[in-house]
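Working notes for the structure below.
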Protein chains: 4
Amino acid sequence: MANFGGHAIPGSFFLLYGFWLAVKYILKHYWRTRQHKGRQVTPPFFKRMEYFEGGLQIFASFVGIMVEQFVVDGPHAHLYNKESSEWVKLMNWQHSTMYLFFGISGIALVATTRCKVVPAGTDRVALSLALFVEGFLFYYHVHHRPLLDAHIHSLLLVAVFGGSASTMLEVFIKDNIILELLRACFFILQGSWFYQIGFVLYPLSGPVWDQTLHDNIMFVTMCFCWHLAVALLLVTCTSSVVWWTVSRFSEKGQDIEIGMRNTLSKTNSQKALLEESDEE
Amino acid sequence: MANFGGHAIPGSFFLLYGFWLAVKYILKHYWRTRQHKGRQVTPPFFKRMEYFEGGLQIFASFVGIMVEQFVVDGPHAHLYNKESSEWVKLMNWQHSTMYLFFGISGIALVATTRCKVVPAGTDRVALSLALFVEGFLFYYHVHHRPLLDAHIHSLLLVAVFGGSASTMLEVFIKDNIILELLRACFFILQGSWFYQIGFVLYPLSGPVWDQTLHDNIMFVTMCFCWHLAVALLLVTCTSSVVWWTVSRFSEKGQDIEIGMRNTLSKTNSQKALLEESDEE
Amino acid sequence: MANFGGHAIPGSFFLLYGFWLAVKYILKHYWRTRQHKGRQVTPPFFKRMEYFEGGLQIFASFVGIMVEQFVVDGPHAHLYNKESSEWVKLMNWQHSTMYLFFGISGIALVATTRCKVVPAGTDRVALSLALFVEGFLFYYHVHHRPLLDAHIHSLLLVAVFGGSASTMLEVFIKDNIILELLRACFFILQGSWFYQIGFVLYPLSGPVWDQTLHDNIMFVTMCFCWHLAVALLLVTCTSSVVWWTVSRFSEKGQDIEIGMRNTLSKTNSQKALLEESDEE
Amino acid sequence: MANFGGHAIPGSFFLLYGFWLAVKYILKHYWRTRQHKGRQVTPPFFKRMEYFEGGLQIFASFVGIMVEQFVVDGPHAHLYNKESSEWVKLMNWQHSTMYLFFGISGIALVATTRCKVVPAGTDRVALSLALFVEGFLFYYHVHHRPLLDAHIHSLLLVAVFGGSASTMLEVFIKDNIILELLRACFFILQGSWFYQIGFVLYPLSGPVWDQTLHDNIMFVTMCFCWHLAVALLLVTCTSSVVWWTVSRFSEKGQDIEIGMRNTLSKTNSQKALLEESDEE
């Protein structure tokens, strides 16, 4: 993956995932704050979102692993070459390992949403571990590289481990919108920083960056802060737009909703009772 | 900013901000503990204080960025000089970045106070991030400097990251007067240490400090602890004076207040009801 | 213990202990979630499990210390040889120290289960300290070793300190099934990694590993992540099997149980009352 | 203080303080668990204990500072010698600074006990800061020393920073007997380790320790774990003895107490009401 595309693809994924998280959690937060007392059952819409997210994670991880393994110059599922006594394409194996853990995180998300016996928070532990493994492998990945290369990758670790820590906190502090948006923010930051790494190490045009110049290090450090500021801005804008849209739609829908509620109230309360008795 | 003034200006700002925080939170704490059960609405006075603080942060950050950019030997908003293939005045750009995040923190404070939909704690996350970015940039700032210079700046990081961590804790542990005063204390410590850095690196009179002498390092480390002791003392004195003053005034004002309350009680309770129904 | 067996024995113990923890906590979790409101007294079965676990820990630690001390080439309880002015077999003494702390943890577990005056959580503090001491001694143990040897042992520390931290968290966040299974997971990871260390440093067959090759370091790092994935899988499978088994058995037993409950309800509630009055 | 006595004196103080803390908190815990519902006012006995502790801390710190300053070869309150352009006896100044913070902690303890407006937890923040400052100064203290000297002092830091962290936790998790006894344990560990440092660096008899021998480092690391085990044992024994003694005495005293309570109940409840109205 030592080219621009190899950094742009994961970057795009993380960017999209960050936006998706921001939208999902703002919708959930809207539901929590505007919740009508009579209906405490989570609407099936959120469950479907979780299934979709989990399924996509599993699918993308599977594709990622396959591509890393069976690309033309990949290891083709060979780990050790006995003849030459050498490990085969360890870089591809490391990337496969990272994908594997994001796949596990997807499975955990689906399981948590599907089965009531899976304790709440399992999905977040799995996501936190996936980020931890990503950072852990990157950490030993970047040793012995040129100065700028090592520095720009170690800045990525700030976003990765920051995301891992904030996700782990979410296991204990649930339904905290600030932590949830912080997580989205860390994913967007990670995504945009992947692009930045691509631009710096494999410039599409213009001169190659001097890997040892101290001024380049200083600029890159500062640039990471700008990416953080932009990530904060993007999360804020996305959240505001989603909140405003949902508020407007639900206002319009209210008259109809009230009409429906009168008819449906009995059915609803019966359903709620049934679900409660299931949980017991 | 490599002169005494360049350290005295941010130092004064942080000192004043620390005192302001101490006063604000003691007033809030007084309100919380002496709160009359009938009136749970935060008085508009506190809101106005927050607007003032946020507005000042935004204004000061804006001025700071402008000065750093358009000072005589500044970068004048140029980041890269294509002719000489060099970054332009990265130090000024780094300081601008720091100001930017304090500006964002100001905007977050105003937004949190103004809109009910902005989740409580957003202002503290933003402030914590601003301190983190400050420390983060300083950390890479001071590499490759003479021993004493690097050491005296790395001690500053203790105050900066300590403040960042305690502010982040406040997101989860709300209305804890100890954390709030600790934050004030860290800001005062940071402010007074900026002055100390100015005195040590750019002495107004007397001999220049030997940058490599081990005894100087030892003295500076100990001196940081003295600054901490003084910061604790200042926060304690400020708090005591404010508490005592407010107590005396509120005792005097009580008779009148009781008279007013009888008249106003109905209006108040109606207002409270209205606000509550808004929140729903 | 510088041979394969010396790593396989502790590895097996940690693996078994991890599985035991998974089974124990799933049973406890089942009890907590399916708890019938009328019977809040912990069944004596759980107490017996704790006694068994604590007793085994004490016994195994005692045997471990004895073996380390009185093995043929052991120190035979001599610490310092005055004639040659040398410490006697410090490695064996260090292992004895590790066993000692796991013994203390066993005593704490028995005491916490037996006496009501011993505050709940003492057993977890002791276990956390035992893991901390293990990691602490290992940390200084592996200095000045060849690169691969040092690296593979320092990866063990991730599992050890991770377990210590998550166990310490359990002191404050009680009855959290996620933390409890995470602890089991860390023990299984530690156990399987001990085996891996044995395979790498003392291969049963095949060539000796090159201690300085960078590719070996990279593979070992990745392999640690695979062990983590397997540990997660094993904990999940164990938990599912136990949960499913218990659910089936308790369904079958329910009819009888209901019959018994009608008869026993009075006795039970009286017992509960008595125990409550004891606790006061 | 570079002699055996200079390590034995603070060691004795920390040992005694650790035992005092264990006794105090077990008494408090006994009171909390056996508390009769009717009397929720803390008995004046505990307040007197706090005053005594705080007063002793202030007194001991004052004496410590005076001794460090005005001992025969001390700095006599001179900080800088202008003639020789040298700092005067920085080591004594550093020790004075450490004492100063323990003095501040004593003042905070007295203030918290005396005034209701001082927020609960202030004493623990001050004690945590005192330990932090001690560790902070020690950290830069031990740079550039021989290997064994640096190592044995850096192990002390484990006890110091451990105590600081657990005390800071107590600010947020109040009345947790495990944390309170852990604090006592860290102080006893610190005290006994001071003695160990004295024995190793300034042996009363026998040969001088080889400062560079790796085996010495290994033994000292292991020895620290033994000190931890002994500290745990001492805290456990002290707690058990105190608990058992108090239980026996209070059983004997109960008959008399019940008699007294009948008479005093009205007075007590009136007092409680008065105190409650004060707090409002």
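Backbone N, Cα and C define each Cβ position, glycine as well.
Annotated transmembrane segment per TrEMBL: B:12-31 (among others), in sequence order. Counting residues 6+ beyond its ends, the transmembrane segment (B:12-31) has Cβ neighbours under 8 Å at 42-43, 46, 49, 53, 60, 175, 177, 180-181, 183-192, 194, 231, 234-235, 238-239, 242-243, 246-247 in the same chain.
What TrEMBL records for B:51-72 (among others) is transmembrane segment.
Positions annotated as transmembrane segment by TrEMBL: B:92-113 (among others). Same-chain neighbours of the transmembrane segment (B:92-113): 1, 47, 50-51, 53-58, 60-62, 64-65, 68-69, 71, 74-75, 79, 119-123, 125-127, 129-130, 133-134, 137, 141, counting only residues six or more beyond its ends whose CB sits under 8 Å from a CB of the stretch.
Sequence-remote contacts of a segment are chain residues at least 6 beyond its ends whose Cβ falls under 8 Å from one of its Cβ atoms, and for the transmembrane segment (B:125-142) they are 94, 97-98, 101-102, 104-105, 107-109, 149-150, 153-154, 156-157, 160-161, 163-165, 167-168, 171. According to TrEMBL, the feature transmembrane segment maps to B:125-142 (among others).
Feature annotation from TrEMBL assigns transmembrane segment to B:154-173 (among others).
Non-local neighbours of the transmembrane segment (B:185-205) in the same chain are 2-8, 10-19, 21-22, 148-149, 152-153, 155-156, 159-160, 162-163, 166, 220, 223-224, 227-228, 230-232, 234-235; each lies 6+ residues outside the stretch with a CB under 8 Å from one of its CB atoms. Annotation source TrEMBL lists transmembrane segment at B:185-205 (among others).
Here the transmembrane segment (B:217-244) has long-range neighbours at 18-19, 22-23, 26-27, 30, 147-148, 151-152, 155, 158, 181, 184-186, 188-189, 192-193, 196, 200, meaning same-chain residues at least 6 beyond its ends whose C-beta is under 8 angstroms from one of its own. Taken from TrEMBL, the feature transmembrane segment applies to B:217-244 (among others).
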Contact set, same chain, for the transmembrane segment (B:51-72): CB under 8 Å, 6 or more residues outside the stretch = 13, 20, 24, 92-93, 95-96, 99-100, 102-103, 105-110, 113-114, 123
